[in-house]
Amino acid sequence: MKILQQDDFGYWLLTQGSNLYLVNNELPFGIAKDIDLEGLQAMQIGEWKNYPLWLVAEQESDEREYVSLSNLLSLPEDEFHILSRGVEINHFLKTHKFCGKCGHKTQQTQDELAVQCIHCGYQTYPVICPSIIVAVRRGHEILLANHKRHYSPNGGIYTTLAGFVEVGETFEQAVQREVFEETGISIKNLRYFGSQPWAFPNSQMVGFLADYESGEITLQESEIHDAQWFSYDQPLPELPPTGTIARKLIHVTLELCKAEHKCD
């Protein structure tokens, strides 16, 4: 981090937790003085549109109006990823002010994104928690679940199955375990789909497509309120927001369901 001078220039990432300050739904741009940033701490984390991109240290008291990152999923993908990166780096710096090995204070390294203990020299890098997310298809049907965190009296969001990768697991093993734990369904024909950074606060969602193999839906009641098979040609429940990897998985799977039905 450096102390900003009045003529420091570029795009500015200001965060409060997973919230960001935007101007007309865009990152503020200009010199530090004009955006009332002079004297604050910041670090350059890259470039955006060929200009420096600065992450400003989070302020305890700030009268600016912030917007949740989760409300910005409709932004272009590259812009959403820039915002996510800022949120994740901010979270890392806030939660690693002290050494996890000896408890002394840390300081940022000069040549890479990391913090180092000023006492024992132990170096820590941003923590990324890998999670899997999978869409399961059975013929012309897709398996969707209403997680307890998404439940509402009107039904709530139905989405794909997901969960964190456990220590010692492959991504493929995690997918098979999560699907079976949450719904009692066994799957086959597992294939990679894509990934999405998920800064809530520091996950990396790794997406898969899979086909039904066997089993009847048996809910993991501590996690899942409801799970059902939905046909592509029937009304669907409320789905995750556009821009999420969950919504992309659902869209692709519904297209596969439609193609399967045409071949019958």
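Counting begins at 1 with the first residue displayed.
Positions of Cβ are set from backbone N, Cα and C atoms, glycine also.
Applying an 8 A CB threshold to same-chain residues 6+ apart, the list for Cys120 (Zn(2+) binding site) reads Cys99, Lys101, Cys102, His104. Under the heading Zn(2+) binding site, Swiss-Prot lists Cys99, Cys102, Cys117, Cys120.
Taken from Swiss-Prot, the feature substrate binding site applies to Glu112, Tyr125, Gln196, Pro197, Trp198, Ala199, Phe200, Pro201, Asn202, Ser203, Ala246. Proximity of Phe200 (substrate binding site) to non-local residues of its own chain (separation of 6 or more, Cβ distance below 8 Å) is seen for Ser18, Leu69, Ser70, given in sequence order.
Look at Swiss-Prot and you will find 126-253 tagged as domain 'Nudix hydrolase'.
The divalent metal cation 1 binding site annotation in Swiss-Prot covers Ala162, Glu182, Glu223. Secondary structure at Glu223 (divalent metal cation 1 binding site), as computed by DSSP, is coil.
Sequence-distant contacts of the motif 'Nudix box' (163-184) (same chain, six or more residues past either end, CB-CB distance under 8 Å): 129-132, 134, 136, 143, 145, 190, 203, 206, 208, 210, 215-220, 223-224, 227. Under the heading motif 'Nudix box', Swiss-Prot lists 163-184, citing sequence analysis as support.
Per Swiss-Prot, divalent metal cation 2 binding site is recorded for Glu178. Taking the Cβ of Glu178 (divalent metal cation 2 binding site) as reference, residues of its chain lying under 8 Å away and at least six apart in sequence are, in sequence order, Ile132, Val134, Leu161, Ala162, Gly163.
Annotation source Swiss-Prot lists divalent metal cation 3 binding site at Glu178, Glu182, Glu223, citing sequence analysis. Around the Cβ of Glu182 (divalent metal cation 1 binding site), 23 further Cβ atoms fall within 10 Å across all displayed protein chains.
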Of all the binding-site residues given, Cys99, Cys102, Cys117, which has the fewest Cβ neighbours within 10 Å once its own Cβ is left out?
Cys102
Could you break down the residues of the domain 'Nudix hydrolase' (126-253) into DSSP helix, strand and coil, giving a count for each?
25 helix, 57 strand, 46 coil
Which one, from the binding-site residues Gln196, Asn202, has the smallest tally of other C-beta atoms lying within 10 Å of its C-beta?
Asn202
In terms of DSSP three-state secondary structure, what is the assignment for Glu112 (substrate binding site)?
coil
Have a look at the binding-site residues (Glu112, Glu223) and report the one with the fewest Cβ neighbours inside 10 Å.
Glu112
